[in-house]
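Feature annotations, reproduced from TrEMBL:
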type	residues	note
DOMAIN	2-54	domain 'HTH cro/C1-type'
TRANSMEM	109-142	transmembrane segment
TRANSMEM	148-171	transmembrane segment
Amino acid sequence: MRIRKEHGYSQEELAVQLGISRQAVSKWESDAAAPELSKLEALADLYGVSLDYLVRGIEPQAQVAQVACPLSVQRGWEYRSARTIFGVPLVHVNFRQQGMRLAVARGVIAIGNIAVGGIAIGAFSVGAISIGAIGVGLLAIGAIMFGWMAWAAIAVGVFAMGAVAIGQYAAGATAIGREAAVGLAAIGRAAAGLSVEGESAMELGRNVSREAVRAFLQESCPGISALALYWLTMVL
């Protein structure tokens with residue numbers, strides 16, 4: 001209880017940080033129950049102390065000597081929602097950093113320097129919906145992205161759109177598509193652009209309409225889906 005109060009946490013706030021109930025914290029402090037080892041480790045990390053100090057209140061001499069000049073300092077901020085889905089936090093925001101090591105945010109909605117989740121937002125992100133500088137996802141939006149549907153400066157995916165787009169269906173400034181590509185420079189089995197290379201090629205000019213490009217793609221790629229047609233001609 002003393003160390004919790006020293007760090008300014010209420011029982012409810014500590015419970016949220018550990019992903020447990022307030023009643024569990026209350027039982028620990030009244031000695032009605034003992035925390036699991038994994039929770040002790042989480043407490044030690046949260047308070048920035050050793051397990052030995054947390055359990056017995058004694059710091060190893062080597063560690064005490066280093067307190068004035070620690071090797072690494074934990075910085076940043078973290079929030080973990082009390083609500084979970086199959087044991088995964090609904091929301092996890094983690095911008096903590098220890099030395100050169102970045103913490104990972106894991107949740108249904110994950111936000112952090114490194115984010116992994118259903119919806120992942122971060123410098124490095126992996127998720128069903130991934131938004132960030134570098135990421136992987138079913139829908140990936142950012143700077144350098146890989147996904148089923150990728151929209152980025154450099155995009156790689158089944159459906160790719162960006163300054164440089166590589167995929168089954170690619171659209172952008174430089175578009176390379178296995179089936180079809182539309183862009184300023186387009187390379188693909190069916191290619192439409194100002195500079196084109198492909199089995200079927202269509203040079204775009206000022207008077208070329210979106211409908212004309214769609215007709216060209218349908219003729220060159222029989223069975224092409226409506227989604228692919230919409231994706232490829234969004235840039236026009």
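A Cβ is built for glycine as well, from the same backbone N, Cα and C atoms used for every other residue.
Within its own chain, the transmembrane segment (148-171) has Cβ neighbours under 8 Å at 137-142, 177-183, 186, 188, 227-228, 231-235, counting only residues six or more beyond its boundaries. Summarised as a single figure, the pLDDT of the domain 'HTH cro/C1-type' (2-54) averages 72.
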